Amino acid sequence: MLSKLLRVGEGRMVKRLKKVADYVESLSGDVEKLTDAELRAKTDEFKKRHAEGESLDELLPEAFAVAREAAWRVLGQRPFEVQLMGAAALHLGNVAEMKTGEGKTLTSVLPAYLNGIGGKGVHIVTVNDYLAKRDSEWMGRVHRFLGLDVGVILAQMTPEERRVAYNADITYGTNNEFGFDYLRDNMAHTLDDCVQRGHNFVIVDEVDSILIDEARTPLIISGPADGSSNWYTEFARLAPLMEKDTHYEVDLRKRTVGVHELGVEFVEDQLGIDNLYEAANSPLVSYLNNALKAKELFNRDKDYIVRNGEVLIVDEFTGRVLIGRRYSEGMHQAIEAKEHVEIKAENQTLATITLQNYFRLYNKHAGMTGTAQTEAAELHEIYKLGVVPIPTNRPMVREDQSDLIYKTEEAKYIAVVDDVAERYEKGQPVLIGTTSVERSEYLSRQFTKRRIPHNVLNAKYHEQEAGIIAEAGRRGAITVATNMAGRGTDIVLGGNVDFLTDKRLRDNGLDPVETPDEYEQAWHQELPKVKEEAGDEATEVIKAGGLYVLGTERHESRRIDNQLRGRSGRQGDPGESRFYLSLGDELMRRFNGAALESLLTRLNLPDDVPIEAKMVTRAIKSAQTQVEQQNFEVRKNVLKYDEVMNQQRKVIYAERRRILEGENLQQQVKDMLTDVITAYVDGATVEGYAEDWDLDALWTALKTLYPVGIKTDTLMRRDQDSDRDDLTRDELLQALLQDADQAYAAREAELEELAGEGAMRQLERNVLLNVIDRKWREHLYEMDYLKEGIGLRAMAQRDPLVEYQREGYDMFMAMLDGVKEESVGFLFNVSVEAVPAPQVEVAPVAEPEDLAEFATAAAAAAQEGGAGRKNAAAREEAPSRLRAKGIEDESPALTYSGPSEDGSAQVQRNGGGAAKTPAGVPAGRSRRERREAARRQGRGAKPPKSVKKR
């Protein structure tokens, strides 16, 4: 119903966009007369007018006309009317639904240019690093021609390179990189370590893939945790000995395993324990479940491959190998044990955010995709994004044939090879979509037997993917691809002219970024030649029927199927598509497979005779709808629970930023001191009468906090006639607060004598940042475990979400109290030493070559102390700086966990990080042990009970 309501205003929006496009078109005549220099000068004119109060909406027609003309002069491509409509929809903060081949990448240039004029930055999000780099170079040529800076964020960049890219007018990158940089900035210890400059306007390419599919998996930065691989190895030995349906059951639909009583007894016998489920053995249950999942649900060459003794995840949707990424919660270690390769340690969470809440940080969102209408309700509900279907430039003439269903997979693949051989004979290009590396290699072997030349595009050979796709529309080209979602390169009949031209120029040593002038000159010379060659070949391909897309299996998402089909029939070209299915396909087995098999049995058809039945089509659609609905529920649930964490995250990150930006913390620390001592006094004076107070215990506790300078006797008997009853709670509190203030002033004088003026402010900054980070990390553990068990509250007729919100709030307030107490204790008791300041101007830190060196550089920068740029002068005045022992240790390498390109699995990528983790955090072998370790570490971080007198 909501989807229908959202579509009511589509017609009006399209008409409005058509008027904008017509107005831009009317300005083209005047813009075409401008010289290159005059066209470039328009950017400065727009910036000036915007600074004087003219809005971007008012500048839109002229800016679009200028950017359109620049695209024609630089790329030889003039955006069509429908692309102008799409560009306007993006600027207005909508999702532009543009079919494959309609030029979404070129469309994004116009709103990016317009919003780049504002000077607050534009982020363009793509699905992978290759496309981010390609688009920043390709479309960046237009922006650079017009005088705007263009940057790109890639996985292996150093912090300095990232900062330069973010300071550009327009920045390209992937959602994971943008999100991780946000988290790293909120783990930084100086402003110099921060790279982002705010969240103004974002354009998301393949918006449904990024904001819908990948939204199921949060971004997580984690640090190394101690752990033993013995249990993984032991359970990898037991899993093959256990029998399915006897010892355990498997639910393929929900991707879960359940251990039967016989299975529990078997494991207990093998391990020599009495009760698997008693408290001491409960961590073993997780090892058992992961071992069985690794055996039944994770298949080699489909879900992962093993290369050079390492388990590498294969993206289910796109078929790419996700280098360096890992499953979480011990799943990757279980697979490593199954495959008998080195088992690497688990990690502990340091920072996390969901994609939904990251993209909500932006003032304005927009997105592009070919398949968003089915998700319009979700995009509107979560991101407040409207979906606007943009008409195609030319009518679609592709023929979508009905599915062919075979009884066995073998019969299906024989039919596929026969069909492809027939198309190859007449010179028609064919694109075959498969769902796994294993299937693509099987088909490749069959084609080789039949002597059919072909290219394979899958997880093992993805380095060549752009080149293979660019030529997939040439005469007789046969391309086998694991999946086409997010590939990002157009399949043009006769060959992709832009790609082929670029390849020739790069082969001659030219580069659009390194040698822009020579590249542009050669481009205009080479482009007409390539166009002519490709045009002649395209004519032959059209006669043969255009591109034929053949799917070998239906995907669980209809959008992925539609994206595969959409590769054919772009820009009004002829084309054809068909799916070949069998009862052995994953989707068929998970839903309604038995009913279809009984139907085929009753029909008594031979294996090699397919059926085309509406009932089967309906069953497939029903299965896909069920999966999509399940995934939607998962995403909604993730968002509901993360909203609790999001509010807490905002408080912590805002506080960190305030500290980083150099605000004077002296008053805040004094307020903390007041709160902590007040809490101590309240706890000791809870009984109503002074004679009932245990002041000795209070003094013992206070001495762990600061060097107490008054004695209980002084307070109790101020003169010979006074009585203990004369001491009130307020008098006690005021006396202790006055004493603590004097002690803090003495501590400040001591440190300034040691390291010069401003030393105490520097220590306050360092201590607060480190304590906040430590307590936040511990809080993340606690919230994680609270969420794991909160579902059981439903058995007590309580709403788990409400309980999570209530208990999460209580835990957060307790954490803030802990931050105050630990900070005060550290400020009084931490051991410090003076470090000589450098005698010369501080040179820039050498840029590390890759993320593995990221942490070392970050830690070195963090040890500079201070509050960043605003306090640079203050740092220079101090003859030396302080180093606090125990809170400025070296940073460990970090691990990044986020969604793959489809969001189907939580994975991890190793690298360095910008924040420090206190050393000596014993993480434990199991999640329960890690939790206890976090608690112990939190307790152990409190100040020593004796204070060294000076």
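Each position is counted from 1, following the chain as shown.
Placement of Cβ uses the backbone N, Cα and C atoms for every residue, glycine included.
Matching D418, D419, D490 to the ATP binding residues that Swiss-Prot gives (Q83, G101, E102, G103, K104, T105) identifies D490. Excluding Q83, G101, E102, G103, K104, T105, D490 themselves, the residues of that chain whose CB lies within 8 A of the CB mean position for the ATP site are, in sequence, M98, T100, L106, T107. The maximal spread of the ATP binding site, taken as the longest Cα to Cα distance among Q83, G101, E102, G103, K104, T105, D490, is 16 Å. G101 (ATP binding site) falls within neither a helix nor a strand when secondary structure is assigned with DSSP, and so counts as coil. Secondary structure at Q83 (ATP binding site), taken from DSSP and collapsed to helix, strand or coil, is helix. In the three-state DSSP scheme, D490 (ATP binding site) falls into the coil class.
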